[in-house]
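J.: First the structure, which I've put down as structure tokens, then a few questions once you've had a look.
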Amino acid sequence: MDFEDYNSTYEDSYTDDFDTIVALEEFSPLEGRVVRIFLVVVYSIICFLGILGNGLVIVIATFKMKKTVNTVWFLNLAVADFLFNVFLPIHIAYAAMDYHWVFGTAMCKISNFLLIHNMYTSVFLLTVISFDRCISVLLPVWSQNHRSIRLAYMACVVIWVLAFFLSSPSLVFRDTAHLHGKISCFNNFSLSATSSSSWPTHPQMDTVGFGRQMVVTITRFLCGFLVPVLIISACYFTIVYKLRRNRLAKTKKPFKIIVTIIITFFLCWCPYHTLYLLELHHRAMPGSVFSLGVPLATAIAIANSCMNPILYVFMGQDFKKFKVALFSRLVNALSEDTGHSSYPSHRSFTKMSSMNERETSML
């Protein structure tokens, strides 16, 4: 994702999307500094929690647990989030240096590519996990006979390759240019030449460039948000219906977990994608909508990368009965269910569930 994309000017020289200098015409120097400090602090916290939490999940899933389908999902999700957070310091430095890019054009392309790739990988993995759990409930016998670690790894390979393909525009359009004495890393959809004394043409003044911007933006919205949300929602509501029909859910907790998963995913990514769609018609919107909204929306979206380990531990748990060690909770959250029920593989259907198998039926 474009972490610096909240930083553009909204005038005739407007660049390809939210890039470079934090809305100079919208912010006073003091306001701009406050926004930069806010982003540096928030991104730093997310980076620290993301590297620590996902690193712990990677270690546990790799060295402390038996390989199962669930651990394959969780390991890949943690790796994607970990890589996402490893490259956050570059963008933290970019904001701290008043949006002066000193890392070169190649790193401008690569860092943004990796961030977009992580967005797609995480979303696709969450979707596959939801579909996998839905199949385990609807077709338990088939799932037991065909659900294998090899198939899970194959699915992960497809996900990473597909994410690579969808993220490749960053390698093509990401560019650097000079503006107001600073070097900016931005999306040059028009592919116009840049120099120390010039700035790329606004994409709406270049039909081809604006068309490329529309394709990239709409593709990200459809493939990175809308379609996954619809699939995840359909899977979880199907699970709820099946459980209630078979009276397997004895409490309302499973339904709360499902609703929370959907709402969390939706709230994290909806503002980000909404603002990018609005950006296509930014001239009809007040500049403050983007200069203030995009930093907040971006922070919320990237926070998703550090939330998963926390949700593994606490989702569906009663904090008043917090007696189990953190390490044990992570292991339980990542473990393949081995209990006995009509739908044995369904008890751990969510990557965020961590309940005691002796006492509770996990989703």
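Any Cβ shown, glycine's included, is placed from N, Cα and C.
What Swiss-Prot records for 1-39, 93-109, 174-220, 278-283 is topological domain 'Extracellular'. Residues or ranges marked as N-linked glycosylation site in Swiss-Prot: Asn7, Asn188. Taken from Swiss-Prot, the feature transmembrane segment covers 40-60, 72-92, 110-130, 153-173, 221-241, 257-277, 284-304. Residues annotated as topological domain 'Cytoplasmic' in Swiss-Prot, with sequence analysis given as evidence: 61-71, 131-152, 242-256, 305-363. The feature disulfide bond is assigned by Swiss-Prot to Cys108-Cys185. Among the features that Swiss-Prot reports, phosphoserine is placed at Ser335, Ser345, Ser348, Ser354. The region 'Disordered' feature in Swiss-Prot is assigned to 337-363. Residues or ranges marked as phosphothreonine by Swiss-Prot on the basis of similarity to another entry: Thr338. Annotation source Swiss-Prot lists compositional bias 'Polar residues' at 340-355.
For each feature listed, report its degree of burial, its nearest neighbours and the pertinent distances within the displayed model.
T.: Note on the topological domain 'Extracellular' (1-39): its mean pLDDT in the predicted model is 52.
The topological domain 'Cytoplasmic' (61-71): residue composition by secondary structure is 7 helix, 0 strand, 4 coil, according to DSSP.
Reduced to three states, the DSSP call for Cys185 (disulfide bond) is strand.
Long-range Cβ contacts of the transmembrane segment (110-130) within its own chain (Cβ-Cβ under 8 Å, at least 6 residues beyond either end) map to 1-3, 73, 76-77, 80-81, 83-84, 87, 90-91, 103, 155-156, 159-160, 162-164, 166-168, 170-171, 174, 185, 220, 223-225, 228, 231-232, 235-236, 265, 269, 304-305, 350-351.
Counting Cβ atoms from all protein chains shown, Asn188 (N-linked glycosylation site) has 23 others lying within 10 Å of its own Cβ.
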J.: Give the nonlocal contacts of the transmembrane segment (72-92) in its own chain as ranges (CB under 8 Å, at least six residues past its ends).
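T.: Contacts with the transmembrane segment (72-92): 3-4, 39-40, 43-44, 46-47, 50-51, 54-55, 57-58, 61-62, 103, 107, 111, 114-115, 118-119, 121-122, 125-126, 128-129, 132, 149, 152-153, 156, 159-160, 302, 305-306, 308-309, 312, 333-334, 351.
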J.: Count, for each of the disulfide-bonded residues Cys108, Cys185, the other C-beta atoms lying within 10 angstroms of its own C-beta, and report the residue with the smallest count.
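T.: Sparsest of the disulfide-bonded residues Cys108, Cys185 by Cβ contacts within 10 Å: Cys108.
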J.: Do you know offhand how many angstrom separate Asn188 (N-linked glycosylation site) and Cys108 (disulfide bond) by C-alpha?
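T.: With distance taken Cα to Cα, Cys108 (disulfide bond) is 12 Å from Asn188 (N-linked glycosylation site).
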